[in-house]
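Look at Swiss-Prot and you will find 94, 131 tagged as (1,4-alpha-D-glucosyl)n binding site, backed by similarity to another entry. What Swiss-Prot records for 190 is phosphoserine, and it gives a large-scale study or a structure entry as the kind of evidence. The active site, nucleophile annotation in Swiss-Prot covers 356. The feature active site, proton donor is assigned by Swiss-Prot to 417. What Swiss-Prot records for 486 is site 'Transition state stabilizer', and it gives similarity to another entry as the kind of evidence.
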């Protein structure tokens with residue numbers, strides 16, 4: 001008999017395999033709950049404050065803030081290793097003595113208030129350059145961008161030649177800040193489907209250039225709405241000095257990337273998305289930070305252990321990413337990161353977050369090397385001796401979920417990028433879980449690419465495909481996808497490219513009959529996406545361009561490609577060209593999203609799979625009263641194919657991958673009705689018979 005602590009009883013009831021590890025789970029929850037208590041009582045008199053108040057008060061007090069009524073500017077910075085601090089910039093001609101931050105408190109916080117100029121203007125002009133200078137214990141001086149800076153820009157070529165390429169901090173205080181006019185879309189995480197369009201603003205144009213927030217708003221948002229997605233996951237928003245890092249080497253956590261435009265233009269983008277009923281999620285990077293010193297957090301106050309684990313501890317640097325690792329056990333680090341989330345929810349109206357690098361956070365080995373080979377043995381996650389879990393990082397993730405769900409009750413979406421399969425990651429905090437709403441189903445793209453690369457079509461194992469698509473923890477929702485930005489990067493190929501390769505350059509025209517390669521590629525591209533969408537999870541994600549089979553890979557400008565933008569773009573023009581077959585894939589993707597929107601299968605109970613036939617290469621399943629039929633056989637078509645179904649009645653076709661407009665062959669009569677026979681078949685109470693051609697998928701629904 002196991003004694004199950006009260007604070008994890010709910011989680012153990014969900015997953016009985018947790019029983020032997022209940023004490024460890026309980027300790028992990030206790031640490032987060034203790035931190036939560038400490039934070040919510042970190043007031044002058046020890047009275048209670050909510051977690052969201054703590055986070056909001058933090059981003060409103062730290063950094064630079066302009067008071068429109070008094071015209072005063074306040075600046076607060078935490079730099080415990082510094083002896084003195086001075087604010088310098090264009091506003092005081094970079095005078096290193098005139099504006100000293102006073103009142104260094106016991107925690108290492110410096111503050112200054114700048115009174116308005118005699119003419120009543122703010123002492124620091126809008127968008128002017130600014131830095132903080134610290135004097136260290138040894139008397140040396142260092143210049144940094146304020147840690148909470150809300151705008152940082154690339155220096156001009158002249159400045160770069162003279163002072164180096166470090167980003168420049170700017171005081172952002174526009175006279176007419178953008179005012180949101182549209183409410184957040186109505187979304188209930190418990191019942192509504194999440195169809196996510198993963199996008200990177202900078203590459204969102206067919207032209208070899210950096211796309212702007214404004215262009216994305218005008219040209220890409222209508223495209224996403226047309227396709228039927230109800231959420232956008234925006235990458236590379238947090239400021240990063242190195243464009244080719246894809247946004248994952250963050251330098252300035254509170255600054256929206258200036259490459260794409262201004263903070264106000266990003267607000268307009270999000271507000272416009274909301275007007276279209278589209279949620280906007282931020283791809284948030286709290287797993288590590290750029291090593292940049294002059295324009296980043298590294299060595300910010302002259303020490304290597306202010307925000308991060310010290311280098312000497314062996315925990316301060318990521319072994320593969322060449323980046324710094326946060327010390328989540330520090331109160332001020334918790335403040336900084338939690339305030340960062342609150343800032344994006346409030347100031348930019350983001351509706352949730354996809355947390356990057358969760359596996360790296362969860363384990364002290366960061367999922368690298370031997371420790372990163374997870375077999376699914378619960379000891380790897382929960383054993384005292386063998387799990388190598390970073391309890392402090394896990395506790396931080398629990399607090400992050402507490403905060404986001406407190407700020408956006410019944411609306412917030414949090415997604416974990418975890419490849420390890422950590423149990424309880426997506427169970428509610430209240431029962432002992434980590435609190436995420438979804439985890440990414442990271443095994444799915446690997447499966448599809450491995451199949452296409454290594455197996456002939458007639459060697460595909462239906463049972464193996466179904467197992468991988470349905471292999472998820474009970475009660476923990478996943479975001480299914482067959483490819484994301486990871487698969488599009490240089491060195492890998494998109495699904496379409498694996499399927500059709502060089503033929504995409506010559507044979508995608510509608511002016512001639514499709515080649516065998518193109519015909520197969522288009523058919524399988526549709527089937528793979530539909531079966532992943534309908535069987536693989538409780539939400540779905542697509543990386544921009546892949547919906548229409550974008551050819552080629554992604555490669556950001558860097559020294560190895562001569563700083564070329566040729567592959568750092570999305571060729572939407574291909575999908576808009578009526579003479580190319582990309583439009584067929586685009587239209588199928590739209591119909592698939594709209595079919596899900598109408599009939600809802602994602603955020604429902606897992607499917608019942610009634611058939612996995614290896615010889616016929618058939619997969620049949622039901623989900624939310626819909627009947628899904630897939631024929632993966634490369635050559636065989638079947639007439640009067642018997643299919644089991646639980647509910648009796650008359651069925652009709654609601655989605656058919658063989659339509660000509662989807663690049664199919666129009667072999668299906670969509671006006672057909674299918675009547676059930678009251679005889680058991682494949683463990684279902686009834687059966688019906690269908691014509692199902694080779695490499696075709698059908699979705700049937702009961703006629704109302």
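From the backbone N, Cα and C atoms, a Cβ is placed for every residue, glycine too.
Neighbour list (residue 356 (active site, nucleophile), Cβ cut-off 8 Å, at least 6 residues apart, same chain): 248, 283, 284, 285, 286, 287, 417. Nearest Cα neighbour of the residue listed as 'phosphoserine' among the listed recorded positions (94, 131, 486): 486. Here the Cβ of residue 190 (phosphoserine) has 7 other Cβ atoms within 10 Å, regardless of which shown protein chain they belong to. Counting only residues at least six positions away in the same chain, the Cβ atoms of 87, 88, 89, 143, 144, 145, 146, 169 sit under 8 Å from the Cβ of residue 131 ((1,4-alpha-D-glucosyl)n binding site). Here residue 486 (site 'Transition state stabilizer') is positioned 43 angstrom away from residue 94 ((1,4-alpha-D-glucosyl)n binding site), judged by their C-alpha atoms. DSSP gives residue 486 (site 'Transition state stabilizer') a helix state. Most Cβ neighbours within 10 Å among the recorded positions 417, 486: this distinction goes to 417.
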